[in-house]
Each structure stands twice: as structure tokens, then as C-alpha cells.
Amino acid sequence: MESNGDFLALHGLQDDGDLKFLLKGSQLQKVKSSSWRKDRFYKLQEDCKTIWQESKKMMRSPESQLFSIEDIQEGQRSNLDLIAGSEAEAQHWVDGLRKIILHADSMSQKQKLQHWIHSCLRKADKNKDNKMSFKELKSFLKEVNIQMDDSYAWKIFQECDKSRTESLEDDEIETFYLMLTQREEIDRLFRVISGSGKTLSVDQLVTFLQQEQKEEEAGHQLALALIQRYEPNEAAKQKKQMTKDGFLMYLLSADGNAFSLAHRKVYQDMNQPLSHYLISSSHNTYLMEDQLTGPSSTEAYIRALSKGCRCVELDCWDGPNMEPVIYHGYTFTSKVLFCDVIKAIKNYAFKASPYPVIISLENHCSVEQQRVMAHHLRTILGDLLLDRPMDNMVTNFPSPEQLKKKILVKGKKLGGLLASLGASEATDVSDEDEAAEMEDEAVKMEVKQKLANDKLKLAKELSDLVVYCKSVHFSGFQDPAFYEMSSFTENRALKLAQESGNNFIRHNIRHLSRIYPAGWRTDSSNYNPVDMWNAGCQIVALNFQTPGMEMDLYQGRFQDNGFSGYVLKPAFLRDPDSNFNPRAVGEGPWCNRQRLRVRVISGQQLPKVNKNQNSIVDPKVTVEIHGVTRDNDRRETAVISNNGFNPMWDVEFKFEVDVPELALVRFVVEDYDSSSKNDFVGQCTIPFFSLKKGYRHIHLLSKNGDQYPSATLFVKINTEDHGRRVQDGLPAGE
């Protein structure tokens, strides 16, 4: 079994004072509310991966008192609030946990796999004697998702039990681990490219990189760099050779990932006007759950910003003590202070990306509380707030590069870009209220009455903070000022895309358009963002708190360009003379027909989603294309029964893609169920031109968009220019 010594030695942390303190543990005060505070003992476990917490609950299992350090992520989970006895003690916990997270993040895929296997072994070791009986081995196999009949399991057990003690320990467990993690498909591939040799020479690796991986930089320099980076055997490294272990480590690494390593950093031109980019945007950002009764929280803003979101929404209402609050008006969602949200935005705006953040205000406040809002925006955000046009930028938007580390306000504005009315008089403007779109009849009636009887009075102090994002009602495609932008429900936007597709695209070259979910989506469900992106809409706002295919596509699109939250639209969506229409794709510069071949070879360590102890995954893989209507397609593998650990499919799919610049490729793994809906296991969505060719691993994400430590698909990908689509009447890809 792995001990803390293994982890600490691996990362040179054996004598670290912070980690020694955490391994001893200490008393911390657990806080649930202002009235609930209890002292509890917390201690880092020997594996340096989990923390034990004391619990006063009766009948609580030892496992339920453990939580994984992997779950400690800023903005990704609900909070666990703890108070230390002293500042020094708090610093030990903060610094110690940071070191563990930092070093865990830097581990190779193979090290992560070893850690995962060892954590499963620890769970199976019920009596904690660091040995594994046959009964515990069977428990372990279930933990790692392998259905194995008893006779085969007993055979492996006996092969490894060299000491004949009817239990496995130390080297025997290591032998068992090696037998378990053998990859037959990798062995076969290695035999072919090495000519059945024990190692790959530099020349053999170069040939593989050129012919199979289609690496543009393939050559001796790249081959030697990969050997240096991934070869664990020092003797082989000295001889400039790569063993099978090194080859597997390369394939599991970022260099062997199906998502292009070059696209994991900002590589696009960031000097074009803001309206030329798709912008990662959240709807009703303050909500953690549904639109009617769920909680509002600053945590939701932290979570969205940590996921690269660059446009967040604030629904502002008068609050007690002259402090504006944010919540979904006319509903029972809880309230959060406006000033607390602005502080959270300031602290997290530029952690995931340095590019500008847009605060989209839906303002329902009195003039007095609008002045309080303006005061908070100025004093809290300080120099981060853009409160005047940038130098000479009065005829077109500045670029994301020019707006780096700036926060823009979107909202109602008195007059034009350079308007200054002098006096601080409040002035009437038309009110906008998304709640008018909601299906809840009581809400709809209340809002419509308010809108009929009410003009919103706008405080000049707040108006002056709106620079490049002035909210106006849409009144057709006559060319308004570039800084005037409209918001559309998904249905209105879809109608414009269908009936005036080309006009909408041209409008979106010079103006920003914001799209938000239909009012009937009170459950916080999402619409498909691809249709809106295809029409050039930039601020396509989704409910970030709701997992599903739509958020998978969103995360896939914005993984591109270094997770910056800004993706440059294709040239044909930026050209004022463009005739592109996503609903009727004719010939034009957008037609770059590609044939995509995807060979789904195998899966590795697919997680158990059904918590029933005796349940084993029956996985199947679906490969989907999401793009313009004629490119949308999907293919499915067969179901593999009772094997989530190392299922093998080895099946190839072909797709024809006409407009690859708008296409996303989604790989989905489900646990097949003949009697009910399949359980979602994991997925990965990759923009077409971010797909790497050759033998690649696809690293799967959970339902919430977090990467699994070692769940992967092994695939072979190839794309080739294809001058014409197959005859009408034949399915594309057949």
C-alpha cells in the first residue's frame, strides 16, 4: 500500500513543516451559521489525499468521515467554513493544502492512475492491515469497475501470492497492479512501430510522429524532447530510446491528448473589436439552482468566473438599510448583497483569464439605491472599472487585448457614448425585465403590470458607468450606434437566425447581441448555444449551474484559445459582405469540407455512477458532431457488458463536415440500462480544429465539468480534405 512517505518523497516534501503539522492534525471550529459553531478534530491521512474529520453523529461509517483533497476547489463546491485557533495554525492548513494540490496537479497521468489504484486498494483493505485477502481483492475489483468471475479472480490472486500466505502484500500488490493495468492495445501498437523490439529508436519515434500522429513539428528535436519528458527508464533515456512504459506515458500526457496542446494557450488574434469574439457568458449568475425558489450566492459568481465566464448577470433590487440586493425578482429565490457580489467579482474576475469581464445589470432599484450601486462599483473595483471610452475608441469597440484587466458595465444609459448631462438629475428610461418572459403566470402578470405603469428612473451616476454596452430595445437591423446592444430570448434569436440569418450575422459583426434562456425554463435548463454562435451572436448566456449537453458544448467551445473566455469568430462571420447563412449553407469561403474518421479503440477506468455496490458499468460510446444543421450527426458503439475498467470496442466511424470552423465533436460515455434512461458516465467536447490526429487519449469530464483523474477513451483520429459531400440520399459517413 502507498503511504504518505511515497507521496512526500516523490515531491521532496519529507521534511515540510506544514505537512508534518497536518499529519498530526488539529482542532478547528466548524461554522454552519452565526449560531452553529462546533469544535472538531481534522487530520491529514497517511495517503496525503484525504482528510479525516471528527463527527458527533451516531452510526456514522469511518469512510463518511473522510473527504478528498481533490474536492477542495475554489468555487466548485459548497463551502466548508473552518476557523483555526491561531493565525499560525490557519497558515499551516492553508499552505499545507496548497502544496498538496499544487503537487497533485503536476503529477503525470501514470502517477494519477497509480494514486487512483492505491486509493481503491485502501478502500478495499477493510481491516487496515496493509494486506489484501481474496475477499478484499473481490471488493477492490468492484471498486475499480471490473466484473470478474471468482475462478479468474482466484487465479490472479494465486499467481501474485508468492509468499503463500493467502494475502497479498508489498511487492505482490505491485505485481497484481501491473497485471491489472496492462494495456493489450498499447502492446500491439508498440510491437508494430518498434518492429517487435523492446524500445523505440529516435528514428522509429520520428516515423510514428510523422505518419500516424501527423505532428507538424515531427523531427529529431521533438522525438528527443518526448523521450526526455516521458521516458522513466534512465538507461533507455541515456541511449535516446523510448520503452513501452515511456510510450504509454507519452500517450497519456498533454502531448498525447486529443485536444491540441497549442490551443490550450491563447493563440488567436486578440486585437480585433470586441464584437468579433464569442464571449463566455452566464445567465442569472447569482442562482445556484432553479429560477423560482433556489438560493442566490456569491459562490455562484466565483464558480462561473473560475470556469472562464466573462459576462455575468446581476438582477438588482432595493434592499434594507439602503443596500441593494441581488435576486430573481417576484420569486422566492434568496437574496445576496450587491456589494458582496462586486467584491467577489473583483477578487475572481481575472484568475482564469486576463481578458475583460462584462457586468450585465438588470436594474430595478430606486434612484437612491442606484447611486449606492454606482458608489460600490467605483470604490470596490477602483481602476479595474472602465468608466470612460478608451483613447480615440469612439467609432468601434476596443479589442480584448486593449481591455485586459478591465471590467465593463452593461446597462441603460442616458444619451450617447460621450454624453455628459452635467447635473445629477435622474431621467426616465424604458424598463427591461427578463422576468416578463417567465412562464409562471403570477410572476408574468406582476411584471407586465409594473412595465405598463412604470418608467425606470435612471441615476446619472450609474448611467455614466455604462460605456461600450448600452442596453436598448431591438428595433430592426437599421444600423444603430455600435455601442448599443440588445438582448433576445432564445426563441426570438432563433426566429431571427431562421428568417433573417444573413442580416443577423451582419448585425453581429458591428454590434453585440446577448441571448438568454426562454421564460419557461424555470428549472434553469439550457438551450443549445451552437445555433446562436452560428449566427454570430457573442453573449450567449447559459445557466452555468445546470449540467448537461448544452454546458458540455459550452465548455468545449471555450476550452479553445487558452480558456480565455474569448474565441475569435471565423472570418466569414466577421466579413461585412458575407453571404453565409447557417440554415442554407451554399458554396463560399466557409465550405472547407472535411472527412473525419474516429476509431474508438478502448476505455480506461470509467467511473462507477450507479452507487449500488454490486453494479458494474455497461459502457457505450457516442460520437456526435454539433455545427450547422447539415453537419449534425452521431454514431454509437456497441454496449460492453460489465466492464468499466478496460472495455474494448475497436470500431471506426466516418463523418462528413462541411463547415468545420463551426463544428464541435463530442465524445459521450454512458452506462447502458435496458429498462430505464442510460446513466451519464463522462464526456469530452473538442472544437473540430482543436482535434489532434493519430492515436490519442480523450480525458473525460464529469457531469459538472470536472476532469476525472484517470478516466479516458483511447482513439485514433484522422481528418482529410474532402472536395464534395457524398450524394444526397446517402447518410454522411456511410
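Glycine is no exception: its Cβ is also placed from the backbone N, Cα and C atoms.
So that you can see what the record holds, here are the features copied from TrEMBL:
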- 30-57, Lys410, Lys412, Ser487, Arg514: substrate binding site (BINDING)
- 112-147: domain 'EF-hand' (DOMAIN)
- Ser163: O-linked glycosylation site (CARBOHYD)
- Thr165: O-linked glycosylation site (CARBOHYD)
- 462-574: domain 'PI-PLC Y-box' (DOMAIN)
- 574-702: domain 'C2' (DOMAIN)
Lys30, Lys38 as binding-site residues, winner by CB count within 10 A: Lys30
Rounded distance in angstrom between the Cα atoms of Lys38 (substrate binding site) and Thr165 (O-linked glycosylation site): 46
Tally of DSSP helical, extended and coil residues in the domain 'PI-PLC Y-box' (462-574): 45 helix, 23 strand, 45 coil
Rounded distance in angstrom between the Cα atoms of Ser163 (O-linked glycosylation site) and Glu46 (substrate binding site): 26
Integer Cα-Cα distance in angstrom, Lys410 (substrate binding site) to Thr165 (O-linked glycosylation site): 71
Nonlocal neighbours by CB distance (under 8 Å) for Tyr42 (substrate binding site), same chain, sequence gap 6 or more: Gly25, Ser26, Gln27, Leu28, Ile51, Trp52, Gln53, Glu54, Leu82
Rounded Cα-Cα span from Glu46 (substrate binding site) to Thr165 (O-linked glycosylation site), Å: 26
Predicted model, mean pLDDT over the domain 'PI-PLC Y-box' (462-574): 94
